[in-house]
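For reference, the structure discussed in these notes is given below.
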Amino acid sequence: MLSTTPAKLAVISDDSYLSPFEGALIERCTIEASEGGIDKFTRGFESLGFVVKDDGSVSYREWAPNAVEASLVGDFNNWDASKHKMKKNPFGVFEIVVSEGIPHLSKVKIAMTLPDGRHIDRIPAWIQYATQDLSKSAAYDGVFWNPPQKYSFQHPQPPKPSTLRIYESHVGISSPEGRVASYTEFKDTVLPRIQKLGYNCIQLMAVMEHPYYASFGYQVTNFFAPSSRCGTPEELKAMIDEAHRMGITVLLDVVHSHCSKNVLDGLNEFDGTDHCYFHEGGRGRHDLWDSRLFNYGHHEVLRFLLSNLRYWLVEFKFDGFRFDGVTSMLYTHHGMGTGFSGGYNEYFGPQVDSESVTYMMLANHIMHKLHPHIVTIAEDVSGMPTLCRTVEEGGIGFDYRLAMAVPDMWIKLLKEKQDDEWDIGNIVHTLTNRRWKEPAIAYAESHDQALVGDKTLAFWLMDKEMYDYMSDLSPLTPIIDRGLALHKMIRLITFGLGGEGYLNFMGNEFGHPEWLDFPREGNGSSFHYARRQYNLIDDPLLRYKYLNNFDAAMQHLDSTYSILNAPDQFVSLKHEGDKVVVFERGNLLWIFNFHPTASFVDYRVGTKWAGCYKVALNTDDKEFGGHARVDQQGKYFSTPFGWNGRDNYIQVYIPSRTALVLRHE
């Protein structure tokens, strides 16, 4: 049994405004798990589903409480339901041992008889491999996975990163070619690029099996099966192992917020009822996503989901998770038609789904206890207090939350405001508006902003001119010049001021043109926009290389100076007229001039550090597609006179649309 009931909650000591909600917080903090301890309970994949014994026999166990009879059928027994009948125990679990074993790659199903005499068959809920043959059906087939040579990991998992620089990745679209890329291709061609850029973490999307490719992996049917369209489970393991060799942490984008409503190849109506794994009726359906919602209060559902997390950690050596759809999980209204103003009454009360919150607390607490090196990230737009505090403190236990307001702010600015209308104070407020002791992952754009119907930052900035003027042989038009400058500055200020970690979606680091659109009926099943054109940075004549060079320099700035985990940041200047921002973080002095036309000579900048300063990063560097208006070897000496709340000042030349990061010597 695991029980955590703090006598006094640290979150209330840190934030007295939480005091009226102490009862709700304490109610969250009683956690129990039984059945031989949390380790055994969360290893359901070692007792349920298919388990190969040392003697070659295979046990198969499946929870299907509504069924009255069940048989294991498949290629191995010619789909004859009379050959391998299963026995049902008092807890609704059917079981059988196939003494002769089951051949590798056999297609399998569980055939069940319902109380009304109807017969149904389903893919096993714990299946570890599923494939699709479109010539026969759009539905996936469950496949028994037991290769003669299982992958053996060669490299240790890296320690938990002190700073987190995430490269958000989708294996299927990682090739410049119009097709689905593979785990092996990603290992051989994309991982070296990520390592060279300086990212220390990849976040893998669309790994859990999903029949509809265009769902971006968010309509999961088979929770224990890695997507077969990109390769085999062993090839995914090899890819993760290679990332570990490079010292790169690998996170899984896990989808436990909802489930595909597919019946034939998913969990929906698994035992003939609508409430086997889900709530029945309306509570078990997400109207916006057209999907099913888990019953987090059910013992067997908890076993399934917690074991699913352990499975990816134990069997594939993932180093943690980004939990998708946390806002939907937190509230009974799922965030639909609801705005969040920040008032604490919005976060506590009957609108909070206590069962779901308890599940997330269990998931975080147990996984961190059993695997202390892992990282968990919450995708929550609501701003739920205590989301990233430990369970012992009264929190929900995530390590980080996504700073989702930041990319929305940048897109809104580029859509609606002229450059001279930018509200510098609001930009800084949005970047710094996060809860104390609750780390955030900052990002200027993610996959959400790249999807069809929207555009990447680069495309908002440069649009159709990217087709004709991104070559060094073509004129540097005002639009391209502005786009290159602001693309770098937006990312740098987000990186430096926006959070305790940073995220970039693959390809956006070099200003990937256009948008993302998966093959579907509405676009003629085209792969044209479902790819990442890494070839653009390999062409030395194209200007994409400048943005790529800058992103690498920005990542290495953190690896050198540990910016993202620096505990203090101080903004000394937000000048609306000059469009200048100055702040200190990571023992570096950051200076941004967003003004579209004005450059400033001998601009006075306050600093707490006396002495000499040199350039650590300059967005106007020729290597980054700039105009080299700042002397890279220049030195700046402080004057002991108070300025903008700091004890000293230096004077700098800061050109328009340029950012300088200075290091103190």
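Every residue gets a Cβ built from N, Cα and C, even glycine.
As written in TrEMBL, here are the features:
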type	residues	note
DOMAIN	186-551	domain 'Glycosyl hydrolase family 13 catalytic'
ACT_SITE	Asp324	active site, nucleophile
ACT_SITE	Glu379	active site, proton donor
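Non-local contacts of the residue listed as 'active site, proton donor' by the CB criterion (under 8 A, 6+ apart in sequence, same chain) comprise Arg322, Phe323, Asp324, Gly325, Val326, Thr327, Arg401, Leu402, Met404.
Using a 10 Å Cβ-Cβ cutoff, Asp324 (active site, nucleophile) registers 21 neighbours. Taken together, the residues of the domain 'Glycosyl hydrolase family 13 catalytic' (186-551) have an average pLDDT of 95.
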